[in-house]
Each structure stands twice: as structure tokens, then as C-alpha cells.
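Take a look at the structure below.
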């Protein structure tokens, strides 16, 4: 299709100006365009009474690229959220945003169940799959930086019922994780204070911190993520370097690493803790530790020019998985035997292999520093819960699958009622004060356990359908400003692996490590505590289908224009890439590995 268009003169790679964006948007059915820059600084920051009033219209200012027969009405469908995120925010969200409880604490239980080899196998497979997911997400998010990100694309590319189920499942995932993260934050403080500070007081403090940060909306979340990600990355890099020294016998003479360790613990107690079943049981822990990586797809709609910022963020995901996760887990597997008593008897920071290594090494002070980083990481994930949950609920409301009140966006760019709906979950953390706390959190964890996998499955299927529709409707892959390095086959790999992980988890839910209980009631409880998210997903799909009664879209009927921000022709992209190919070799290598190529 693109080769039939007349080529119009344009400076390659130059986005259409903001004024053009405004002109297009003013023709949309939403009417008035709202310019937040005309408000006071206090309103934009969310610190005035005026900031809580409804924004009078959509926001413009997002870059549109290309000259190919732009559909004015559809391209003009602007975002209800404000484009406040800078490229550095998006990059750090991709690199360090999801580093939190899953890596710092969850890897301890995974090590005790799967052993060092089991942990590496699970994290490498999930990591490889996630690289394909993020590549696919990046390709679509640059063309369609729409409100709701991958949820909105699922509703458009796949099936309304599946989008309804995935969207609500994703919302409830973050809704349930928020009180869980607050609980872990409490345990990090108890590492120092013991029981001297009441649990209820600590919970109140942490809820207050999250609410205060949420007042600043997108900018508050973005800045917090940037600086906390810098801290987390620096800590993990420091741990890797120190871990190599300790493994070589460079630790204090009073500690466990005063002599060469090497692969000692891979031989005794061994590389696998519970064989094949142990490996299967840690897949969901691995997925949980990567949860939040897909936030790049949501955040793309709140950046001025996704074409320039998203590729760098997506490529950073590869380096985070290979360097941060795989390397640190290799070090942990070499330094901590899977039968260490703290992995079994500890809780919170006491069960963190990062803290255990520092304790075993007898390096005073570093264990407290890492514990402080864990506390910051947990609060960071808590803010991610508010951000992701509120944006998804707003998108559900926009598409008619949630009450319209949740489309309310105030002048500071906050989805106000959606944010409050997520924050309502925070007080659930107070059940820790009572005796029923553990039971409640088992079921909250069950609710969120598999949700991330369903979200990633939706992204992969979305990409497959997007590529099919793109081809059927006469487009060329060359028109895309960013293409997934793994191609459509990477998405198929992701689909197959996610299905296999779901099967493995079903197997573990029925026949858990340690054997099946004799009591049928206990067996049912154990099964649903692991697999609850799956029947909930099926239930929501059924509700969505009964409600809307829509069938999956055919490739020729998929809407490829609404919200589209890349209208580049094949000729423009060939000229752009030819120009980029003239750069020096080192520049081209840098772009290929780290930036937009």
C-alpha cells in the first residue's frame, strides 16, 4: 500500500510539529484541546485545589512521524493523559522499574525449592521470553502510544472478551500486590526494630508515603522510579562485584568466604533441590520478579515522542535481564547453599539471599544497606501498583468495560478516581495485625500469581495479529520505525513458553513439592492458592463475552489507524536508514545495542 503513495518532501526522522498535532486533535469528537502549560506550576504538580478539577479536554503535543496519507480524524484521537515523562524516566523504568521484592527477596524461596541450577534455568527461560515480549511491545507502542497501552491494543487486535478478562485481571494483579508490598516493607524495618515498633504504625507510615507520592501523579512516579532505579542498579552492580571477590576467597577471615568457594555448593548440597518438580515450581517466582517490565507499554502514552525514547528503553531490558538478573542469580547460587536455614526459616529481609551473603561474609554494615535498598525497592513497586492499576482501570472505562467515572482525569494529569480505587487496597495490609493475616495474603498472592503471564500472553498474541493485519491491509514491515528483533517468531516463542509454564504450574498445583496432602480439602486449597488466577481469567472472559457478544476480529477488519502516530512510507524509512548507515562503525554499534537504530 505504502508504495502507491506519492512521496512528499519531509526532513527524514523529523516529527510533525506540536501545532499540527493540536490542529488534528481539535477535529476529534472530544472537542476542546487542553493545554496544561497554561496552568500554574502548583496545579501542574497537583498541589493546588484547582489541580483536582476535571481537565476540560484532551492533551496534544505528541509527535507524529511521516507523511503517508494521514487519516486526520483517527490520528487526531489524542490521549486523555498528559505527556509528562522524559526519555530518562522511561529508560530507568525499563531498566530498574521491576527490580524489587521478586529479585531481592523472592529469589531466596526459589533457591530453596529449585536449587541454583533450577533458578538459573527458570530465570533464563522467562528472561528470554520476556525479551521477545518487550520487543513486540516496543514495536506496537511506538506506532500506537495509546492510553491503556497493551490493554487497548488487545481490545483492538484480538477480542473484546479476552481484553476485558486480561484488563481486569491486570488491574486486580496490581490491586492485590499493593498490600503485599506494604507488608514486605514492614518486614524490612523489622529487620532493625524487631517488634519494638507496632506493625500498624509502620503500615500507616508506608501508606502515607505512597499516598503523598501519588499526589504528584505521573511526574511523582517517574521521578521516584528514576532515582530508586539508579539506587537499585548501583546496589546490584556492587553486589555482583563484591560477590565475585567473595567467591574467590577475598572475604574477611571471620566470615564464610575467607577461602576459595568456586562451585562448592553446586556439588554439596547440589545443583537441584527438588529435581524437575523443583524447577517447575520456581517459574512463577521468576515471572513475578519480572512483573512490571511491561509498564513501558503503558508509559509510552505519557511520553512526547515514543519513537525516540521507547527503542532505547526496550533495548535496556535485554541488558537488565542478562546483566542484572542472570549474573546476580549466578553469584547467589555460588555463595548461598540452597539448604541454608535462613532461606527456610526467615521472612522478609532475613530470607533475602542478598542479605544472607553479607551476614555470612561478616561484612558489617552492608547487610543494613541492602536491607534499606530492599525497603526503597518495595515502596517503588508499591507506586508502580498505583500507576499501572490506575491507568489500566482508566482504559477499561474508556472502552466501556468499567464505570465511566474512572475516565476522570484532573488538571494535573492524574486519573483521580482510578488512583483512589487502587489506593483502597492499601489498608488490607492492616490484617497483619491480626491472626488471619497470613491466610489473607496467601489468597492475595494467588490472585496475582499468574496474572503477569496472561498479560504477556496477550502482548505476544497482539503482536502476531498486528503483523498479520498489517500485511493483509497492504502495509510493509519496512514502514515500521522500530521492528522487534525477534520478529513474529519471537512472539510465537513467547506464546508457546507461556503455555508450557502454565502447564508446569498446573502440575505443581496438583502435585506440589513435598507431595500431595491426604486431606481433600487441603489439596483443593493448595491447588487454588497456586492456580486461582486461571479460573478467574476464564470467568471474566465468559462475563465479557456474555456482556458484549463480540467475536475475535478478522485481520482485514482490525483498526490500524486510530491513535496511530507513525505514518512513514517505505521510501521515507529506506532514506532514513540509509542516512543512519553512514554513521561511523562505533556509532552504529552503539545504536544497535543501546539506542534507536
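Placement of Cβ uses the backbone N, Cα and C atoms for every residue, glycine included.
Please treat TrEMBL annotations as automatic predictions, because they have not gone through curation.
The domain 'Amino acid permease/ SLC12A' annotation in TrEMBL covers 89-550.
Counting residues 6+ beyond its ends, the transmembrane segment (92-111) has Cβ neighbours under 8 Å at 118-119, 122, 134, 180-181, 184, 222, 225-226, 228-230, 232-233, 236, 273, 282, 285-286, 288-293, 295-296, 299, 313-314, 316-317, 319-320, 324-325, 328-329, 332-333, 336, 338, 342-343, 346, 348-349, 351-354, 356, 370, 373-374, 377-378, 380-381, 384 in the same chain. What TrEMBL lists as transmembrane segment is 92-111 (among others).
The transmembrane segment annotation in TrEMBL covers 117-137 (among others). Beyond its flanks by at least six residues, the transmembrane segment (117-137) meets 94, 107, 110-111, 149-150, 266, 271-274, 278-279, 282-283, 285-287, 289-290, 293-294, 296-297, 314, 317-318, 321-322, 325-326, 329-330, 332-333, 456, 459-460, 462-463, 484-486, 490-491, 493-494, 497-498, 501 of its own chain at Cβ-Cβ distances under 8 Å.
The transmembrane segment feature in TrEMBL is assigned to 197-221 (among others).
Same-chain neighbours of the transmembrane segment (233-255): 95-96, 99, 103, 261-262, 324, 327-328, 331-332, 334-335, 354, 357, 360-363, 366, 369-370, 373, counting only residues six or more beyond its ends whose CB sits under 8 Å from a CB of the stretch. Residues or ranges marked as transmembrane segment by TrEMBL: 233-255 (among others).
Residues or ranges marked as transmembrane segment in TrEMBL: 275-297 (among others). Long-range Cβ contacts of the transmembrane segment (275-297) within its own chain (Cβ-Cβ under 8 Å, at least 6 residues beyond either end) map to 90, 93-94, 97-98, 100-103, 106-107, 109-110, 113-115, 118-119, 121-123, 125-127, 130, 133-134, 137-138, 140-141, 149-150, 173, 177, 310, 313-314, 317, 321, 325, 381, 384, 387-388, 449-450, 452-453, 455-456, 459, 501, 504-505, 507-508, 511-513, 530.
What TrEMBL records for 318-338 (among others) is transmembrane segment. Residues 94-96, 99, 103, 107, 111-112, 114-117, 119-120, 123-124, 127, 130-131, 233, 236, 239-240, 243-244, 246-247, 257, 261-263, 265-266, 268-270, 273, 289-290, 353-354, 356-357, 360, 594 of the same chain, all 6+ positions outside the transmembrane segment (318-338), place their C-beta atoms under 8 angstroms from a C-beta of that stretch.
Annotation source TrEMBL lists transmembrane segment at 368-389 (among others). Same-chain residues lying 6+ beyond the ends of the transmembrane segment (368-389) with a Cβ under 8 Å from its Cβ atoms: 97-101, 104-105, 170-171, 174-175, 177-178, 181-182, 184-185, 188-189, 191-192, 206, 209-210, 213-214, 218, 220-221, 224-225, 228-229, 231-232, 235, 239, 292, 295, 298, 349, 352, 354-355, 358, 418-419, 421-423.
For 415-435 (among others), the entry in TrEMBL reads transmembrane segment. Cβ atoms under 8 Å from those of the transmembrane segment (415-435) belong to residues 52, 81, 174-176, 178-179, 182-183, 186, 199-200, 203, 206-207, 210-211, 214, 385-386, 389-391, 393-394, 397, 405-409, 441, 444 of the same chain, restricted to positions at least 6 beyond its ends.
Same-chain neighbours of the transmembrane segment (441-466): 129-130, 132-133, 136-137, 139-140, 150, 153-154, 157-158, 162-163, 165-166, 169-170, 172-174, 176-177, 179-180, 183, 284, 287-288, 290-291, 294, 297, 428, 431-432, 484, 488, 491-492, 494-495, 498-499, 501-502, 505, 528-534, 536-537, 553, 555, 558, counting only residues six or more beyond its ends whose CB sits under 8 Å from a CB of the stretch. The feature transmembrane segment is assigned by TrEMBL to 441-466 (among others).
The transmembrane segment annotation in TrEMBL covers 487-508 (among others). Same-chain residues lying 6+ beyond the ends of the transmembrane segment (487-508) with a Cβ under 8 Å from its Cβ atoms: 125-126, 128-129, 131-133, 135-136, 277, 280-281, 283-284, 287, 450, 453, 456-457, 459-461, 463-464, 467, 530-531, 534.
For 528-547 (among others), the entry in TrEMBL reads transmembrane segment.
Sequence-distant contacts of the transmembrane segment (197-221) (same chain, at least 6 residues past either end, Cβ-Cβ under 8 Å): 45-47, 81-82, 84-85, 178, 182-183, 185-186, 189-190, 302, 379, 382-384, 386-387, 412-414, 419, 423, 426-427, 429-430, 432-433.
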